[in-house]
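Just below is one structure, and these are the notes that go with it.
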Amino acid sequence: MGDYQKMADAPAGPLPPPYPLAKLDSDKEGLLKGLTDAEVAELVKKYGLNEVPEEKEPLWKMFLKQFTGPMQIMIECAALLCFLIHNWPDFTIIMVLLMTNGTLGFFEEKSAQASVDALKAGLEKKMPVKRNGKFDSIPVVQVVPGDVLFMRGGDIVPADCYWVEGDPCQVDEAALTGESLPVKVPRKDDDGKPFSGRQMWSGSILKVGECQAVVSHTGVNTMIGEAAKAIQEASGKDIGVFEGKIIEAAQVLILITVVVVTFLFYFMYVIQGVEITDEVLEMSLSLVIASVPVALPMVMKVTLSIGAKEMSDEGGIVTHLTALEEIASMKVLCSDKTGTLTTAQMTVYYDETAKAYNGFTAEQVLEFASLASNEANKDDPIDSAVLRAYAKSKGMTNVDDAVDKRKTLYSLDPEGFIGFNPIVKRTCAAVTAKDGTKWFCSKGMVDVILKTNPEDEGKQWTVDNYEEMSKQASKADADLGISGFKTLGVGVSKNGGPMKFAGILPIMDPPRHDTKETIRKIKEAQVAVKMITGDHHNIGKELARQIDLGTDIRTPDCLQPPSEARDLIVMKADGFAKVKPLDKHEVVQVLQDKGLVVGMTGDGVNDAPALAKAQIGIAVHGATDAAKSAGDIVLTKDGLSPIYTAIQISRRIFKRLKSYVIYRICITVQVVFFLAALAIFYNLRFKALYIILLALFHDLQIVTIAYDHQVAGAKPETPTVLGLLLQSYSMGILMFIQTMLLVSYGHLFLSDEYGDGYHQSMSSEMAGNEMNKYMETTIFLQISNSSAILIFSARTVGFFFSTMPAWQLTFSTALGQVLINVWCLWAPTGLVDKLKPSDVAMVWLYDFAWLLFLDLVKMTAGRLWDKYKPATIDRNPALQAKDRNSRRMSNNLRPSYMLAQVGGEELGNKVAQLPEGSRNSVRMSRTYKK
């Protein structure tokens with residue numbers, strides 16, 4: 001572990017292999033000798049074991065951490081104050097709330113520890129490794145750079161390595177790069193990246209072939225290791241954006257309360273000379289307790305849990321509840337392509353997109369291709385796609401039924417089928433038709449079907465009229481490639497005659513039926529959508545065109561070096577193709593650095609770092625365990641539609657929580673200012689028990705806000721402390737005035753009992769004491785009623801009666817106030833004085849009249865905030881401009897385009913000086929149109 005820590009802290013990135021890559025050519029025999037035990041011991045000291053390091057937090061520490069957050073500390077202080085004043089009922093209630101919230105948080109965080117475990121699971125295997133001159137099967141955790149591996153079809157590559165000798169192999173990198181089809185190894189090197197054509201990544205699957213490979217990187221230095229490290233570094237998304245703003249607002253509220261209490265102490269003790277009795281101390285401490293929103297964590301947990309249940313019904317399992325807060329503020333959604341935007345199933349097109357030659361039709365070309373496909377090989381993506389298309393062309397849904405029917409028309413000759421291998425790069429079939437016609441069919445790469453390679457030992461041919469057919473087929477192949485299609489060439493020979501080039505079948509992973517509509521809805525919700533895929537650039541661009549995403553698709557080389565121009569490109573681009581895991585991580589990082597809340601979807605190991613980094617990581621349906629563990633939401637349905645649903649749910653949750661915060665701050669401002677004014681201007685006291693009862697009772701009553709009916713906003717919700725305080729304080733101060741006016745002038749319209757209590761309270765002998773009990777009970781009822789019905793105003797932007805609240809909220813509010821009013825009417829315990837029914841009715845009329853006035857003030861404050869709030873709050877810089885045509889340039893011209901943006905001012909000026917018509921000719925490369 002010590003070596004690993006050193007390695008993880010190294011600023012230079014992954015450690016290089018212990019041999020120069022040039023030896024792959026110059027000293028192949030030397031590399032294939034493998035390592036000795038002594039060499040392995042030295043390399044283990046330098047590189048560590050082939051495992052992903054982790055530091056698991058002890059469970060006891062994880063549990064205690066649930067009680068150390070800002071909000072938890074405030075609640076603990078409230079509990080301590082209750083303990084100091086021996087208020088055991090309130091102490092018990094607060095501790096129950098605190099422990100319940102802490103226990104829920106503990107179990108939620110415990111489940112998140114599975115992230116790195118899922119990545120490590122792929123490494124706990126054995127592999128033949130050459131040590132001391134012979135191959136032995138050893139655990140892959142003991143593999144070190146320089147080891148020689150022997151791998152065969154079906155093996156999972158245990159470390160990053162380079163192919164040295166053996167068969168040409170097919171390697172499935174879908175979980176790492178998102179590439180739909182297996183890649184060939186060895187193959188032509190990428191430009192500027194020597195030996196990249198021989199590289200095999202840890203975590204990929206060797207599908208076809210046997211080979212020996214030399215290890216280059218292990219553990220955290222591999223691509224999968226970097227993914228695990230990025231997940232660890234990005235962990236700890238404990239507090240959501242909105243929760244953070246709520247905590248800040250609560251801290252401001254508590255600070256103001258402490259200032260008021262301190263001033264009250266000074267005024268009473270120094271100026272008025274009042275003796276600090278237990279009653280005064282209890283009242284002051286009760287003020288502080290009242291200012292702490294003890295039910296806030298519970299309200300948030302309940303609200304988010306109900307939202308999570310609603311989300312599960314719509315096809316998404318929420319693993320981290322804070323994600324449901326964050327989606328409301330999400331301004332950018334970075335979406336994986338395969339399986340999310342597309343069906344993850346290769347589709348062969350046989351309509352006008354297909355190319356047919358030599359008198360054949362597209363349907364015939366497809367039929368010939370199906371004859372050269374192996375129906376028994378269900379795992380082969382090309383054969384399966386061809387046979388599905390053939391079944392569809394015959395009006396059948398079952399491939400086996402279509403093949404059975406075809407067998408009545410064509411019979412396979414003995415040993416007539418030649419399967420695919422990476423050397424010949426084609427499949428062939430010799431069949432006899434029902435009428436006795438002999439057909440020889442072949443499908444494969446277009447250039448191979450046109451003319452086979454004499455050195456590949458397969459059946460050889462050159463198609464009839466090769467020169468002309470080669471020109472036509474190569475042009476069609478190139479055009480389809482630009483449009484994002486993979487292609488399949490088909491050739492046939494009839495009765496032993498010359499081989500004829502029958503046509504080209506385009507292949508693509510098509511978009512899901514609902515992708516285009518869902519992206520439109522998400523964009524209408526003012527959320528920018530960017531596609532991030534490991535697939536080829538042209539494939540990504542064509543898909544983006546089909547789903548109306550926008551065709552400004554970039555490649556990863558525009559992500560370096562970091563600069564303002566680079567950041568601008570990331571903000572404006574519609575997506576990125578040919579990306580690796582850390583490229584996705586980089587895109588998310590850039591967007592977050594611009595202050596945007598980012599969502600990221602993915603399904604493979606390659607997506608895990610970005611899923612962990614993003615505020616909202618979304619593992620799509622069928623994702624790997626690593627992606628599910630790193631994500632905050634796991635989709636159980638295909639496509640993006642559950643994400644749009646999550647946006648709507650989250651924005652409704654945001655409004656519910658915002659309603660609670662406004663409500664809670666309002667009633668605290670009302671009570672704190674009322675008690676301070678009562679002491680300063682009237683030299684009267686108010687029973688501390690009433691204050692605590694009001695705070696706790698209404699906190700518990702308001703939990704049903706989690707069920708409230710709300711309409712999702714049209715744009716991302718961006719909470720600000722100033723915005724929350726402006727609305728809540730304006731209403732809270734008005735409610736304070738409402739209560740003080742009742743204290744001062746209630747005797748003019750209430751009963752004689754209240755009038756007598758008022759005059760008694762204002763007499764000199766009552767100075768420094770509690771007000772008359774009847775008057776005190778009336779004020780308690782007024783504060784209780786006005787606080788309870790305030791939620792109906794706080795939950796809307798208009799008048800309180802403009803929208804219908806949930807029945808649960810109405811019921812809990814009504815039930816609570818019925819109990820309070822009945823208590824005040826009958827006064828069974830003696831804690832309150834028995835009120836006259838006429839006074840109770842007048843208090844209700846008084847509170848409802850003020851509620852209408854409160855609505856007017858609330859709407860005025862809202863309009864003022866909308867008018868003068870900073871423009872950056874609602875602006876989404878990642879959204880595309882509506883007219884993009886004047887900025888579109890081909891990614892094939894990207895180096896020149898980058899010069900114009902990154903600093904090539906001369907080139908940029910030349911482009912700007914071109915006439916409009918000439919500038920249009922320098923736009924993005926043409927896209928394929930059917």
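Note that Cβ sites are derived from N, Cα and C of the backbone, with glycine treated the same way.
These features come from TrEMBL:
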{"type": "DOMAIN", "residues": "339-374", "note": "domain 'Tify'"}
{"type": "TRANSMEM", "residues": "252-271", "note": "transmembrane segment"}
{"type": "TRANSMEM", "residues": "283-304", "note": "transmembrane segment"}
{"type": "TRANSMEM", "residues": "661-682", "note": "transmembrane segment"}
{"type": "TRANSMEM", "residues": "688-707", "note": "transmembrane segment"}
{"type": "TRANSMEM", "residues": "728-750", "note": "transmembrane segment"}
{"type": "TRANSMEM", "residues": "779-802", "note": "transmembrane segment"}
{"type": "TRANSMEM", "residues": "809-828", "note": "transmembrane segment"}
{"type": "TRANSMEM", "residues": "840-857", "note": "transmembrane segment"}
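Averaged across the domain 'Tify' (339-374), the predicted model reaches a pLDDT of 90. Contact count against the transmembrane segment (809-828) (Cβ pairs under 8 Å) is highest for 688-707, out of 252-271, 688-707, 728-750, 840-857. Below 8 A, the CB atoms of the transmembrane segment (661-682) and the transmembrane segment (840-857) form no more than two pairs separated by six or more positions in the chain, fewer than 3 in all. Helix, strand and coil counts under DSSP for the domain 'Tify' (339-374) come to 10 helix, 5 strand, 21 coil.
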